[in-house]
Amino acid sequence: MGFMDKLKKKFIQNNQEEVTTKYKEGMEKTRKSFSGRINDLIARYRKIDEDFFEELEEVLISADVGVMTVMDLIDELKMEVKRQNIKDTKEVKDVISEKLVEIYYGEDDEEIEEINIKENELTVILVVGVNGVGKTTSIGKLAHQLKNDGKKVVLAAGDTFRAGAIDQLEIWGERAGVDVIKQHEGSDPAAVIFDGIKAAKSREADVLICDTAGRLQNKVNLMNELAKVKRVIEREIPGAPHEVLLVLDSTTGQNALNQAKTFSEATDVTGIVLTKLDGTAKGGIVLAIRHELNIPVKLVGLGEQMEDLQQFDANAFVYGLFADMLEEEEA
Amino acid sequence: MAFEGLAERLQNTMKKITGKGKVSEQDVKEMTREVRLALLEADVNFKVVKDLIKRIKERAIGQEVMESLTPGQQVIKVVKDELTELMGGEQSRIAVSDRPPTVIMMVGLQGAGKTTTTGKLANHLRKNHNRSPLLVACDVYRPAAIKQLETLGTQLNMPVFSMGTEANPVDIAKQAIEKAKEEHHDYVIIDTAGRLHVDTDLMDELEQIKTTVKPDEIFLVVDAMTGQDAVNVAESFNEQLDLSGVVLTKLDGDTRGGAALSIKAVTNKPIKFAGMGEKLDQLEAFHPERMASRILGMGDVLTLIEKAQTNVNEKQAKELEEKMRTASFTFDDFLEQMGQVKNMGPLDDLLAMIPGANKMKGLKNAQIDEKQLVHVEAIIKSMTKKERQDPSVMNASRKKRIAKGSGTTVSQVNRLLKQFDEMKKMMKQMTNMQKGKKGKGMKFPFSF
């Protein structure tokens with residue numbers, strides 16, 4: 001049984017039909033171009049030679065899988081093809097998807113990484129990222145989901161810089177039906193977060209989600225400000241923040257690696273939220289981030305609706321990329 | 001290191017081939033491989049890279065190496081020339097309609113920075129062109145987007161036209177034009193909602209706004225960090241709306257910004273402005289040439305190449321080579337060389353421009369003491385002609401005189417003499433090693 005079949009079976013077994021459908025719908029454009037090109041590639045090349053690998057390299061690079069990761073992957077593929085004595089390009093397809101999932105998980109067990117929510121104590125989630133990636137929107141969606149799970153959620157409007165950011169979070173707060181703690185624009189973000197913690201404690205909330213202003217990772221002062229926000233949280237609640245989520249725009253290219261690296265240095269990022277995956281962008285850089293920095297993706301944004309924030313599942317991610325190929329084979 | 005610049009990459013490849021007079025096909029092949037990787041790492045679309053590499057190969061093979069350049073630098077120069085050509089000239093002009101108001105429409109994906117850029121552009125029009133723009137809030141979808149534009153309007157003390165979130169964006173745009181005419185605004189800047197290029201409903205809405213208000217400019221606002229997908233985005237927006245230009249945002253980050261190249265290549269529309277910071281006056285004209293260097297990640301190596309070209313006279317360089325070979329190098333030559341190096345600018349800057357210099361042992365945090373160079377110069381200038389030509393005549397009284405004349409000490413004079421001697425020996429060794437080859441890459445044999 002091929003790897004893709006195994007992947008598929010896994011989904012049917014786990015009865016994750018709904019999640020899979022979401023991925024399939026959200027990633028339709030992604031999938032079409034990506035798997036279409038791999039299919040095309042496989043159809044055109046009968047023999048596995050250098051040219052084949054070079055084109056495969058391009059297909060992967062076009063998905064924004066980091067250049068270094070692609071090079072590593074191609075090397076491994078070459079070895080695997082040699083080892084298993086694969087001659088037909090059709091058989092390579094299986095090996096490719098297998099390796100992609102393997103790159104993501106590395107030596108670890110394949111498990112879905114969930115957001116770390118504590119039972120019976122306040123969980124603090126700090127949300128960071130560069131400008132315009134969708135931090136506030138993701139917080140709105142996450143708050144909505146946690147609320148639906150029966151949690152009492154409080155939001156802290158830590159983006160005191162961007163015009164309209166506080167109002168934006170308030171509107172999300174209203175939609176999700178959760179409280180928003182804020183000060184006026186231009187106030188100290190650390191102070192807002194401090195207020196947020198106090199309020200979350202006194203209101204006996206389960207989860208506090210802290211919004212922060214978008215900042216480019218090469219602005220040292222702003223990164224220091226972020227580190228200070230984190231220190232305030234650490235000081236007020238031992239063991240917090242329980243999650244530091246870096247929000248990444250899936251249209252971002254190689255710079256996403258820099259972002260992950262620098263934000264981790266300042267705030268020890270524990271997971272990634274990959275947004276805007278419903279366009280044609282492939283977000284392949286998350287493979288590189290996991291591969292090189294070992295930061296897992298925890299959530300993906302697959303649309304504009306409240307419900308369109310999903311748990312990330314590497315198998316589903318790769319399955320989404322290759323689903324067309326599977327169905328074509330069966331037809 | 002995943003993100004080393006092209007210059008460093010080439011440096012490594014070059015190690016094998018320095019000292020050659022001509023760039024061979026094999027050299028080019030090896031180097032274009034590095035160029036390809038560098039461009040891909042900079043997020044230039046792979047199709048664009050493919051075309052580029054083809055042209056670079058054609059141009060680079062068989063080229064004579066310029067006197068002051070190594071083969072690697074030569075290839076960089078070809079690459080940079082190609083990139084600059086592809087990027088086109090500088091174009092930051094904004095249309096002026098003969099029947100005011102001039103209408104500008106801002107479009108793009110979510111989070112690209114349309115609203116902020118709208119504010120910046122309005123500020124630019126008022127400050128540099130003495131215009132009075134009206135800002136129009138057509139983003140009725142994103143929560144608080146209208147509030148954001150209104151806040152920017154307050155900061156800039158500029159009027160913002162909005163009709164709330166219930167109105168239709170096409171109507172808002174239409175009425176805004178009427179309002180601008182009434183109030184004699186000469187520019188109208190329409191901020192639209194961010195949308196995915198695959199969202200047909202929202203793309204159609206943009207087209208409706210376009211046919212209704214007939215804008216003079218349609219700017220696509222693109223995040224400079226965009227990856228390979230930039231071509232799809234730019235192509236879709238251009239196909240549907242026939243853009244007039246592009247604004248690249250967040251260029252103050254540390255991205256290489258290869259997206260700029262991809263967008264230019266697929267749309268052939270000029271990139272007019274660049275967002276360089278969060279403040280409202282941080283919008284700059286786009287410089288294609290600077291962008292080319294940035295994409296290649298080579299710092300200022302080109303500035304260095306240009307400086308070397310202009311400052312090191314070819315004839316002088318040849319003479320020097322001859323002298324090194326025959327070991328007839330004198331203090332006069334030394335002085336001349338120092339002068340040439342100094343002409344190229346402060347040494348700290350120079351060192352910073354050399355790719356890989358920061359990785360060299362001992363040079364990493366080297367504080368170059370320019371004062372010390374002044375001392376060296378003074379000592380040499382205090383020597384007689386004979387002493388400069390032939391340091392072997394030096395004796396205790398001569399040294400004492402030189403120290404006095406240069407305001408230094410005898411031990412400093414001694415140190416310089418010793419260094420000079422060692423240098424000469426080293427040069428002889430090196431030129432012996434290079435014998436048979438046309439000596440290259442030894443332009444500045446002194447490590448300061």
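Keep in mind that glycine also has a Cβ here, set from the backbone N, Cα and C atoms.
If you look up TrEMBL, you'll see A:129-136, A:211-215, A:275-278 marked as GTP binding site. Annotation source TrEMBL lists domain 'SRP54-type proteins GTP-binding' at A:296-309.
Mapped onto this structure are the features recorded in TrEMBL.
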| residue | record | Cβ within 10 Å |
| --- | --- | --- |
| A:Gly129 | GTP binding site | 26 |
| A:Gly132 | GTP binding site | 25 |
| A:Lys135 | GTP binding site | 28 |
| A:Thr212 | GTP binding site | 29 |
| A:Arg215 | GTP binding site | 22 |
| A:Leu277 | GTP binding site | 27 |
If you measure Cβ to Cβ, which of the binding-site residues A:Gly129, A:Lys135, A:Thr212, A:Leu277 are under 8 Å from chain B? none
For A:Thr212 (GTP binding site), what is the secondary structure state per DSSP, taken as helix, strand or coil? strand
Reduce the DSSP letter at A:Lys135 (GTP binding site) to three states and note it down. helix
